[in-house]
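Novice: Sharing a structure with you now.
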């Protein structure tokens, strides 16, 4: 069995716990890979350090930190189940407490050896695609905007859902979020909260002029977004951001579709209590 470990960068507690889990797994004769930054901190870079893109070949990935660390791990893990250990304040994706981390990982290793699979649930991701390009699949949201926000930097957008026009306006941008991502960027832009069990996508305009309220639509919807011009007179590019990290830049006018990705993310271990996590947002 192969297990990958991703720890929050610059967090000594996360690095220490990563080292402890690694030693426990090695005692169980599990092959362990660690993200390159953490491997350097643990002085095992040559032996166990790997880029997170290699974690697609693992049977389980352990993310230690906050939701940002989980998103970072998910970009490289592909279909590999990810178990999140929560060192942050909220933790919508990380359900395992640090004190329970070693035992939780051990349980999944034993389950894999007994059944050939770890316990996990599928979580949708979204992807934007245009003529000859596609964004990195996003666990939280895909945001489409100009290279800068604010007066003089917005975009003119036409948004259609399953062929019907939802909105045509000027805005800083528009984002399409999953239920998981409804608590993140979407919420800060005035979008609604959506329970993780709901099969849906959320379309939220970012500071739109005379904008309609955010729209919750089906998970199987096709959202077509056309960016006609930029408010600054057409100069600059359109930025498509996946989970705020991976950026795709395209020239306007551009048309793209945003849909649920073919391959969902897989989250291992127990599910976080959605409403308990919400209470920590206050």
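Quick reminder: no glycine exception, Cβ is built from N, Cα and C everywhere.
Grabbed the feature section from Swiss-Prot, which reads as follows:
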type: ACT_SITE; residues: 67; note: active site, proton acceptor
type: BINDING; residues: 67, 68, 140, 141, 151, 170, 172, 183, 184, 185, 186, 187, 188; note: NAD(+) binding site
Novice: C-alpha of the residue listed as 'active site, proton acceptor' to C-alpha of residue 188 (NAD(+) binding site): distance in Å?
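Specialist: That separation, Cα to Cα, works out to 16 Å.
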Novice: Show which residues of the chain containing residue 186 (NAD(+) binding site), separated from it by at least 6 in sequence, have their CB under 8 Å from its CB.
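Specialist: Long-range Cβ contacts: 140, 141, 175, 177, 192, 202, 204, 214.
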Novice: Using a Cβ cut-off under 8 Å and a sequence separation of 6 or more, which residues in the same chain sit near residue 172 (NAD(+) binding site)?
Specialist: 145, 146, 149, 150, 153, 154, 155, 206, 207, 208
Novice: Ranked by the number of other Cβ atoms within 10 Å of their own Cβ, which of the recorded positions 67, 140, 184, 188 ranks first?
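Specialist: The most densely surrounded of these recorded positions is 140.
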